[in-house]
Amino acid sequence: MQGEDPPPLTPPPSSLQGMSISVLGPTFEDLALNVKKNISNISYIFIGRAGGYIGGSLIGGVLFDCMNPHLLLGFSMILTALGMYAIPFCKQAALLTAFMVSIGVSMGVLDTGGNVLILNTWGDQAGPHMQALHFSFAAGAFVSPIIAKLVFGSDEKGTQLLDATLPVTKAPAPETAFNLKSSLKSMWAYIVIGSFLFLVSFLFFLLYSRCGTVKDQSHSGSGKQLVAKHHLALVFLLFLFFFAYVGAEVAYGSFIFTFAKDFSHMPEAQAAGLNSLFWGTFAATRGFAIFFATCMYPGTMILLCLLGSTLSSLLLCLFSNHKVALWVCTGVYGASMATTFPSGISWLEQYTTITGHTAAAFVVGAALGEMVLPALVGFLLGRFPNQPLLMYLSLLTSTFTAIIFPVMYKLASAPGSPGRKPRWLLSELRVVKLQEDCVLLQGLLKTIQMKAPQVWSRPPRSGAGPP
């Protein structure tokens, strides 16, 4: 049927996007060795990737209004795959940064496109599908360290030589670096992820060939828009909230492997397992959040997440050398960070209308946090390798978000504001949507009866059953 929207297939590319982002953490030292640099001297690749992500998000929002979404997602995945293929062969830091920027642009288009495609396809019923999208992202981030270190790994020779060069700011000798070419087995993870991206992109081209140029219908609600009294202040504070939250999430997921191996002196396999534990609890909690959202308010979920992240990051600062505490608190911290982003958007939507410009502010804030905080951690780790800087950053950002959220709640519930939308309003909208679907179904049945009257009116033949 021409008006029917096909399944958008956003979970597979979202999981691959999570793999593409989180693979940088376990392979960060090998990338530095591959370009003959210290880790503190290539931390700017995080800035390049996040800057490309911001540009890709803005470009994707424009392109989705003028071209087929499946075609755009397919080309974006091919661009990401080409960048992943090229990274293991980069021997210059500038070239590595350029490919990181291109990957950031394509992933920004994928992120914006996946969310827009889900909203346009399911409209008011997009909540569980959106949670599944974010869950698949976390699942991909969970698998990526396993592929990078537990499946491929790296030789002890390369690891020991890299550890010897970490306190030194100058690059190692060219002949030494090229002799380690065979030891950088973790670079194969980029080839594997790029191959998956390349294969999945053909699914979107197949959807484009079957669906043609049918455009998604926008789902817009009717009625007066709800605007809070302090709308701009709430948007700005949530911008800062997402800046700290996403920056801490990406920094912890990217550097917990390096922290565990160099600071806590864990074996490489255990450090990779700790990295996977963070993303595993992150992904599992996002999966459970699909069901939690049906019986809990977004504000309650945010408070629980803030409490868990603050307590776990405090214990990580106090007991960063204790392996048991590191394992337990990393799992708690990952679970506490899982539902903050989607719950924050849902919480604000209760008090004010979220427009396209409002959503763009959230994306920019999150991307800036992803750009600044991991780069800062990577720079400081090379300067102060004996300090638990990653845990200090986690505690600082958790405390900041725990302080800023009550301020946002005070502004949202200030006198003169419309107040929180009741839950019965969402149920009423779902009933209206169901009634509209029933009317469309009845019209479809009438159309079938008019186009095939001989099937419905033909009398049955003798000895034969009903037509």
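Backbone N, Cα and C define each Cβ position, glycine as well.
TrEMBL entries are annotated by machine, without manual review.
Long-range Cβ contacts of the transmembrane segment (42-64) within its own chain (Cβ-Cβ under 8 Å, at least 6 residues beyond either end) map to 24, 31-32, 35, 72, 76, 93, 96-98, 100-113, 116, 250, 254, 356, 360, 363-364, 367-368, 370-372, 374-379, 382. Annotated transmembrane segment per TrEMBL: 42-64 (among others), in sequence order.
The transmembrane segment annotation in TrEMBL covers 70-87 (among others). Residues 8, 13, 16-17, 20, 31, 56, 60, 63-64, 96, 99-100, 102-103, 105-107, 109-110, 113-114, 117, 187, 190-191, 193-195, 197-198, 200-205, 207-208, 211 of the same chain lie 6 or more positions beyond the ends of the transmembrane segment (70-87) yet place their CB under 8 Å from a CB of it.
Under the heading transmembrane segment, TrEMBL lists 94-112 (among others).
Among the features that TrEMBL reports, transmembrane segment is placed at 132-152 (among others).
The transmembrane segment feature in TrEMBL is assigned to 188-208 (among others).
As annotated by TrEMBL, transmembrane segment applies to 232-260 (among others). For the transmembrane segment (232-260), the residues of the chain that approach it from at least six positions outside its boundaries are 21-22, 24-26, 28-29, 39, 46, 141, 145, 149, 266, 270-272, 274-275, 278-279, 282, 326, 330, 333, 337, 340-341, 344, 348, 351-352, 358, 361-362, 364-370, 372-374, 376-378, 381, 388, 390-391, 393-394, 397-398, 400-401, 404-405, 407-408, 411-412, judged by C-beta separation under 8 angstroms.
Marked as transmembrane segment by TrEMBL: 299-319 (among others).
Positions annotated as transmembrane segment by TrEMBL: 326-348 (among others).
The feature transmembrane segment is assigned by TrEMBL to 360-382 (among others).
Sequence annotations record features per position, and here TrEMBL assigns transmembrane segment to 389-409 (among others). Sequence-distant contacts of the transmembrane segment (389-409) (same chain, at least 6 residues past either end, Cβ-Cβ under 8 Å): 234, 237-238, 240-241, 244-245, 247-248, 251-252, 255-256, 259, 299, 302-303, 306-307, 309-310, 313-314, 316-317, 320, 333, 340, 373, 376-377, 380-381.
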